[in-house]
Amino acid sequence: MTILYAVIACGLLSVLYAIWATRSVLASDQGNARMQEISAAIREGAQAYLARQYTTIALVGVVVLLLAWWLLSITAAIGFLIGAVLSGAAGFIGMHVSVRANVRTAQAASNSLAAGLDIAFKSGAITGMLVAGLALLGVSIYYLILTGPMGLQPNDRIVIDSLVALGFGASLISIFARLGGGIFTKGADVGGDLVGKVEAGIPEDDPRNPATIADNVGDNVGDCAGMAADLFETYAVTVVATMVLGAIFFGGTAVLGAAMLYPLAICGACILTSIVGTFFVKLGANGSIMGALYKGLIVTGLLSIVGLAVATSVCFGWGEIGTVAGMVITGKNLFICGLIGLAVTGLIVVITEYYTGTNKRPVNSIAQASVTGHGTNVIQGLAVSLESTALPAIVIVGGIISTYQLAGLYGTAIAVTTMLGLAGMIVALDAFGPVTDNAGGIAEMAGLPKEVRHSTDALDAVGNTTKAVTKGYAIGSAGLGALVLFAAYSNDLKFFAANGDKYPYFQGMGEISFDLSNPYVVAGLIFGGLIPYLFGGIAMTAVGRAAGAIVEEVRKQFREDPGIMAGTSKPNYARAVDLLTKAAIREMIIPSLLPVLAPLVVYFGVLLISGSKASAFAALGASLLGVIVNGLFVAISMTSGGGAWDNAKKSFEDGFTDKDGVKHLKGSEAHKASVTGDTVGDPYKDTAGPAVNPAIKITNIVALLLLAVLAHG
């Protein structure tokens with residue numbers, strides 16, 4: 001219990017850090033009256049959208065809560081509620097700060113680049129520490145209540161089902177927040193760009209564009225609240241799945257409690273290292289913003305090695321722990337698995353930055369292709385998006401095989417848990433992005449001097465890269481996390497099948513095989529494989545419809561009031577925000593339910609056709625693998641490709657020199673071609689790609705809960 005109390009203390013410290021950082025950010029100067037007016041409009045729009053989104057989610061959540069109570073138990077229903085409320089709170093509070101930090105960053109940037117970086121990063125760190133702290137507190141305190149006052153054994157089915165339900169609560173919030181926020185932000189961005197930049201020829205963030213405020217609102221609801229919910233879910237479900245595997249593999253042994261506490265201890269230690277790492281983010285003498293951010297990330301990673309060693313030593317020691325599936329597990333090997341998790345994180349960050357960073361080969365190749373036209377830009381962008389999947393996949397494969405050889409599936413789970421231990425710092429890097437983007441918009445709309453805009457542009461360019469890098473991390477950890485969930489599903493299934501006397505539904509079922517000679521397994525793989533593509537297609541269509549509505553709205557305002565373009569009258573910003581809010585909420589419902597219902601359709605569909613429970617469970621398991629494999633490639637391809645398109649466009653804003661030495665500036669034909677590519681890449685990287693993440697995990701969580709419901713019944 002001492003370890004558990006220490007873990008809870010780490011979670012509380014994370015929340016205290018967020019409170020301190022919030023006070024520090026809000027105490028900063030808000031700039032002049034015009035800047036505050038623009039910031040207030042962004043803030044009101046973001047809060048109005050989020051309030052409506054959470055109201056919609058709450059209606060769905062109440063139904064799921066009652067179903068969890070009826071089909072499982074009151075403890076499962078409470079677990080679901082904890083996961084949903086804390087996930088929503090992390091995103092809402094983080095966004096509450098980011099929509100106030102934007103104007104303060106713009107004002108600080110007018111003093112110095114270092115001051116602007118300090119406020120923007122501190123604002124991002126608030127969201128990051130809330131995600132890690134609240135997720136850890138939710139799981140650890142609920143586990144403490146279940147195994148303490150309620151007197152349940154750590155591997156009791158009630159404990160396991162309640163923790164899985166907590167993960168499902170986080171998942172439900174995540175998929176709605178990711179998809180709804182993505183539709184809103186890219187509907188505004190694409191629609192505003194098509195009319196503003198392409199038709200009217202006005203720059204980005206020009207106050208004459210009626211979609212400008214909606215675009216800035218979208219940055220917050222998509223990249224701040226959406227990413228927070230996504231990584232909260234990955235964090236929570238991975239820790240829960242690792243605890244479930246610990247309960248299955250070490251049940252009935254002396255190390256059962258330690259095996260379930262170990263992932264919590266790792267996350268607690270990594271929260272401390274992330275907090276320390278934030279204090280190292282300072283602009284150096286060379287003025288490199290990315291260098292300052294990486295300094296904090298590297299310090300966090302190095303200190304996490306020490307934290308991992310302490311967690312291993314306290315929970316297990318370094319010697320033999322036990323034998324799982326004929327494999328001897330040692331504390332030393334688990335520590336090495338954790339190191340591999342940290343290495344995978346570092347490699348994915350480096351690879352994603354290579355594919356999306358300015359002045360790197362992939363981005364330069366898209367910029368060069370823009371010189372010959374719109375079509376060649378799109379072709380090269382698609383080529384980069386496909387190519388960008390190879391290296392991350394090889395790294396993930398290496399991580400899976402090496403950790404499995406060292407400590408079996410539990411070792412793989414520990415590697416993923418260690419990856420997610422860094423979530424506090426990684427989310428801080430991501431939430432830094434929308435703050436700097438908004439700061440640039442405020443500087444432009446408020447007519448601040450060019451020097452200020454130069455500073456905010458430098459921060460925004462780095463913010464674009466950090467957003468892409470964190471998406472790569474989120475996808476890699478989601479794919480590996482889903483693999484851990486699949487391991488929990490297959491081992492849970494074995495457990496129920498072997499204990500048919502206790503669980504009558506599974507009686508006489510025998511061993512379930514995922515053999516590819518079984519046609520139901522192949523059918524399950526194909527069905528699972530189609531889900532990420534169908535889901536991505538629906539998401540892209542939704543953005544297209546939302547963008548179309550914004551195009552019509554902006555054209556209408558320009559047509560009805562010529563004074564807008566002349567600068568003598570103001571556009572109606574609120575009308576565009578309201579239109580997008582309604583569109584995003586309407587469009588997110590059906591695709592969000594797709595990954596929730598898919599596992600149920602597979603299981604009951606195959607059961608109805610074959611009449612065999614074993615075949616139905618095999619098909620369901622295969623469909624989970626299909627979702628994981630295809631989802632991983634679809635998500636990496638979309639996010640890296642979209643990020644590369646975006647930064648290729650940014651290359652022209654500073655002036656791009658092609659292979660013949662000709663310089664192409666903003667407004668040139670090559671720049672216009674790059675805007676077309678960015679328009680395609682925007683929903684790729686900010687809507688469909690990131691939303692595939694929670695879709696991968698939620699299918700696996702639903703499958704785990706289905707087993708629990710059938711066993712309970």
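Including glycine, each Cβ sits where the backbone N, Cα and C put it.
Pulled from Swiss-Prot:
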type	residues	note
BINDING	Lys186, Lys685	substrate binding site
BINDING	Asp189, Asp193	Mg(2+) 1 binding site
BINDING	Asn216, Asp219, Asp437	Mg(2+) 2 binding site
BINDING	Asp646, Asp678, Asp682	Ca(2+) binding site
SITE	Arg178	site 'Important for ion transport'
SITE	Asp223	site 'Important for ion transport'
SITE	Asp230	site 'Important for ion transport'
SITE	Lys467	site 'Determinant of potassium independence'
SITE	Asp686	site 'Important for ion transport'
SITE	Lys697	site 'Important for ion transport'
TRANSMEM	1-21	transmembrane segment
TRANSMEM	50-72	transmembrane segment
TRANSMEM	164-184	transmembrane segment
TRANSMEM	239-259	transmembrane segment
TRANSMEM	261-281	transmembrane segment
TRANSMEM	334-354	transmembrane segment
TRANSMEM	381-401	transmembrane segment
TRANSMEM	409-429	transmembrane segment
TRANSMEM	520-540	transmembrane segment
TRANSMEM	589-609	transmembrane segment
TRANSMEM	616-636	transmembrane segment
TRANSMEM	691-711	transmembrane segment
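Recorded features from Swiss-Prot, shown on the structure.
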residue	record	contacts (Cβ under 8 Å, 6+ apart)
Arg178	site 'Important for ion transport'	Gly226, Met227, Ala229, Asp230, Pro690, Ala691, Asn693, Pro694
Lys186	substrate binding site	Gly218, Gly222, Val543, Ala546, Ala547, Asp682, Pro683, Asp686, Thr687
Asp223	site 'Important for ion transport'	Gly181, Thr185, Asp430, Ala431, Gly433, Pro434, Asp437, Lys467, Asp686
Asp646	Ca(2+) binding site	Thr356, Asn464, Ala468, Asp678, Gly681, Asp682, Lys685
Lys697	site 'Important for ion transport'	Ser171, Ser174, Glu233, Thr234, Val237, Ala478, Gly481, Ala482, Leu485
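Here the CA atom of Asn216 (Mg(2+) 2 binding site) lies 9 Å from the CA atom of Asp189 (Mg(2+) 1 binding site). Annotation: stretch 164-184 has the most Cβ pairs under 8 Å to the transmembrane segment (50-72), among 164-184, 261-281, 409-429.
Among the listed stretches 1-21, 239-259, 616-636, the one sharing the most Cβ pairs under 8 Å with the transmembrane segment (589-609) is 616-636.
With respect to Cβ neighbours within 10 Å, the recorded positions Asp230, Asp437 differ, and Asp437 shows the lowest count. What surrounds the Ca(2+) site, by Cβ distance within 8 Å of the Cβ centroid and not counting Asp646, Asp678, Asp682, is the set Asp189, Gly642, Trp645, Lys649, Gly677, Thr679, Val680, Gly681, Lys685 from the same chain.
Ranked by number of Cβ pairs under 8 Å to the transmembrane segment (261-281), the listed stretches 1-21, 164-184, 616-636 are led by 1-21. Here the C-alpha separation of Asp193 (Mg(2+) 1 binding site) and Asp219 (Mg(2+) 2 binding site) works out to 14 Å.
Contact between the transmembrane segment (239-259) and the transmembrane segment (520-540) does not hold: fewer than three of their C-beta pairs are under 8 Å, each pair 6 or more apart in sequence. Apart from Asn216, Asp219, Asp437, the Mg(2+) 2 site neighbourhood in this chain, defined by C-beta within 8 angstroms of the site C-beta centre, holds Ile42, Asn102, Asp215, Val217, Gly218, Asn220, Asp223, Pro434, Asn438, Gly440, Gly441.
Tertiary proximity for the transmembrane segment (381-401) is limited to same-chain residues at least six positions away from its ends with a CB under 8 Å from its CB atoms, namely 340-341, 343-344, 347-348, 351-352, 355, 362, 365-366, 369, 412, 415, 472, 475-476, 479-480, 483, 632-633, 636-638, 640-642, 644-645, 648, 677, 680-681, 684. Neighbour density for Asp193 (Mg(2+) 1 binding site): within 10 A of its CB lie 24 other CB atoms from the protein chains shown. For the transmembrane segment (691-711), the partner stretch with the most Cβ pairs below 8 Å, chosen from 1-21, 164-184, 409-429, 520-540, is 164-184.
Residues near Asp219 (Mg(2+) 2 binding site) in space but far in sequence (CB under 8 A, at least 6 apart, same chain), listed by position: Thr185, Gly433, Pro434, Asp437, Asn438. Ranking the recorded positions Asp189, Asp678, Asp682, Asp686 by C-beta neighbours within 10 Å puts Asp686 at the top. For the transmembrane segment (164-184), the list of distant contacts is 49, 53, 56-57, 60-61, 64, 68, 72, 76-77, 79-88, 91, 135, 138-139, 142, 214, 217-218, 221-223, 225-230, 232-233, 236-237, 240-241, 244, 539, 542-543, 546, 580-581, 583-585, 587-588, 591-592, 595-596, 683, 686-688, 690-691, 693-695, 697-698, 701-702, 704-705, 708: same-chain residues at least six beyond its ends, Cβ to Cβ under 8 Å. Same-chain neighbours of the transmembrane segment (409-429): 14, 121, 124-125, 127-129, 131-133, 135, 227-228, 231, 234-235, 238-239, 241-242, 245-246, 249, 259, 262-263, 266-267, 269-271, 274-275, 277-278, 293, 296-297, 300-301, 304, 307-308, 324, 329, 333-334, 337-342, 344-345, 399-400, 403, 466, 469-470, 473-474, 476-477, 480-481, 483-484, 487, 491, counting only residues six or more beyond its ends whose CB sits under 8 Å from a CB of the stretch.
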